[in-house]
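According to TrEMBL, the protein has these features:
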- ASP442, ASP451: Mg(2+) binding site (BINDING)
- 94-106: compositional bias 'Polar residues' (COMPBIAS)
- 209-236: compositional bias 'Polar residues' (COMPBIAS)
- 430-780: domain 'RNB' (DOMAIN)
- 81-113: region 'Disordered' (REGION)
- 208-259: region 'Disordered' (REGION)
- ASP450: site 'Important for catalytic activity' (SITE)
Amino acid sequence: MSPEDLQRGLKLGHIIQGPIRINPKNYEDAYIPHPDGVSDIFVCGMKERNRALNGDIVAVVLHDRDNWKIHVKNLKDLEEKHQEVESNSKPNDDSQSVVTQRIEGQSESDSEPDVIIESEEIIDLTTNSISESQSAANLSISSDQNIDQSCDSKSITADELPVSSLATKSVSSAFCTDSQENASTELKNVQVVTNQLADISIDAKDMKTINSVPNTPQNDNNMSGTPLTDKSTTPHSKTEDKKERRSHRGRNSSQKNYSTLQEVMKEGSEVVKNLFTTDDTVKSNSANRVLQRTGKVVSIIEPKHSRACTGHIHLMADRNPDTALFKPLDHRLPRIIIPMDNCPKDFTFRPEDHVNTLFICRITEWKEDSMYAHGELMRSLGEAGEIEPETEGILIENDVDYSEFTEEMLSTLPVQTLPWQIPDGEITKRQDYRKQCVFTIDPATARDLDDALSCEKLDDGTYNVGVHIADVSYFLKEDTSLDKRARFRATSVYLVQKVIPMLPRILCEELCSLNPNQDRLTFSVVWNMSEKGEIYGEWFGRTVIRSCVKLSYQHAQGFIEEPDREWTEEELPPISDGYPISQIKDTVHNLQMIAKNLRKARFDEGALRLDQVKLQFTLDKDTGMPNGYSVYKQKDSNRLVEEFMLLANMAVAHKIKKDFPDKAFLRRHPPPQSKMVDDLVELCNNLGFPIDPSSAGTLQRSLWRYADDDNMSIARMQVLVSMCSKPMQNAKYFCTGCIDDEELYRHYALNVPLYTHFTSPIRRYADVMVHRNLAAALGYSDLSEKSMVAIQSIAENCNDRKTNSKRASELSSELFFAVFVKTAGPFEETGMVMGVLDKAFDVFILKFGVTKRVYCDKLAIKDKLHTKEQKNPILTLYWEPTVENGTGAVQKISIFTIVTCVLKPGELPLQWMAIIKPPAV
């Protein structure tokens, strides 16, 4: 496909652009978001994925509707739902469809479709820091209620287009639009650079040799792809293949789990056929709802994946002296052929010495006729399972830049040595708040203090409330080498044991950090408001402040919880400039009073907040190993700061959008996918906990109905919140001139028309962009000459780096949790079931906020039975007899069942597993 054809197809909507997500539990399944927001496009198998890697921006063409998929579980449910009506009209027809027979023959497979929704950690949607990528409670995204124009006979389909092969070097595109969410938005200034490459063709004769090729993500389960023609590169034995298939592939196969619409219409029961051909709108919608759009990747527009991965090296089965095999730990990646001279010198003769060594490898080429990529071994990271080598691997895999800032970069700063004083000329240009009671409220260990608060009560009973943010843009000048590096990094990366800063530490911890008793440059938003949060006036401007005290959240919480307590100097951090403790305390009380009213008004107007358990570790000072944990709990002091940060972000968003309607740097949050929401509603209704997802506010009020103080209600609420988080989409930065429809600017969770990030420029480059927007709006500087396309490109990079940063943080938490279980476990904890499959079930460990799949074959049971009761899946376990339970207990596992879990180390260095104990009889 030529670049012109690709561009034309994208503009006409015949080709769909989006990021590809590959299921980590079944790498044959991948998904691309559809612009209509109803459901994703399913890409089945390696051939259809066309060598795209997770996160790549790809071009996809839909298959003909006849080739769309229907998950066999959904098909069976649909048939059962309408069987009674059909049986009444045909009482003597007891025939059973071939499709149904095929389904029932799979009763022992975990056939529930796995779905990934990478919900983002935004200020109003706090995500779980440790979780399995999927759960059995995941909702199918396999259907539409309405078939859109993309399946019209006049549209181009995947079956009519060639598939372009995919180069591993960067293929760029600069779209001044967000086509994933805005199919109707006109493409502006579109430039697509891609290669015109040959079609992928799989010769039937090549398939004959597939059994001789080792099990890989590409060929396992007879997935399409062409085996290597060089038989000497056969990597390993069939025995090893079978073992790895059991441990790595996942327990379901997309080929077994899905039937095409064409197959259903040919082999299905009359009940199902009638549903897909009827003129009855209700029945037709019911059928279309289980229909999963499918497509194939025709080009990689931009390879977002770093092409780097951690893993282990292995000899070829025939000990080929020229090449070795690299097996990535991430099973969504292909196995990689590497030159033997990349490996340690003694590897050929003593491969066992390197079994536990962790290496980093980068893909350099992936030919269209091969199931294996080719690459280069970059270096050894160290022993697998050790924290530092594993952490370095996490950073490299997620393309996190952790290199040191160069002297040339640091030389662009207006400050070279410390201590530094603000020039008198700069102070005269700013509003001086140094004699105001201004202070910070942050975590006790924070060193990058980028926001401070002030609150002055006036004689008329109103308050002047100020949010003061570090003026990073004063030091970070646009397009300097340091600015370019910060722009590339886009965000600080927070790991368990350290932070990879976006900016040099001289800025993060000194010049920009609002440290107490030091003059600092800030950008401020100040409101005149009532105690109810009613705003009478608003001011934006550059300021200079001197924070009088660095309060922790615990200190502020103490003021809130004990308003009448007399605090002593020894109980608090040093307070400068002669401010009495009583004044600090009163200011916190006034801020809390206003924040509570602001928060109430926000939720009354329809905001949504989904809080999940977040685990924090304490580390041994000498070894750096985890030696304890705590669960993060948001308290009033956290909410106090949050309310004013949200208010500032919204105020700045309106200001810069008004002044620069085409170049404002904003943040939007699309609504959840409607198909997943429909499935969520059905699931919750079946469980007896109906919800109203018609808006963020109604969903929030639905959840509040089930809140209570008893342990069962608390646990159930955690599971419900986790389930409701899955359909949520990521919030995104964007340039306003690149999206025509302003309705798409909205922030779903906050339920506001405009939002941005202004309050954390030390750790987010997006905020630096917003500061520059605001400075231009206030006449402090000229508006950047960057085009809308260039601004959108920066926004996309911020989105990508945010995703990578979040993933690295999650993997760091998972790493430390695995080490914690290994060194301090096993643990016996209470869990609640949040999803049930045929041979497994997912358990939410309440104390840790961790979701783990429990497999029945790991339990001491005699048998199991998977059934349904009132449309809810039930897994009945028949336990082996023990001294405690006599003849053996019988236990029914369903969603919300409370179980006792044992968390213990697994066989691999960083593996941990969960089993449940039999119930007492």
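Cβ atoms here come from the backbone N, Cα and C positions, even for glycine.
Taking the C-alpha positions, the distance from ASP450 (site 'Important for catalytic activity') to ASP442 (Mg(2+) binding site) comes to 9 Å. Mean model confidence of the domain 'RNB' (430-780) amounts to 95 (pLDDT, 0 to 100 scale). Each of the recorded positions ASP442, ASP450 was scored by other CB atoms within 10 A of its CB, and the lowest score goes to ASP442. Close to ASP451 (Mg(2+) binding site) in the fold, though at least 6 residues off in sequence, lie THR440, VAL467, HIS468, ILE469, ALA470, LEU514, VAL641, MET645, THR759, SER760, each with a CB less than 8 Å from its CB.
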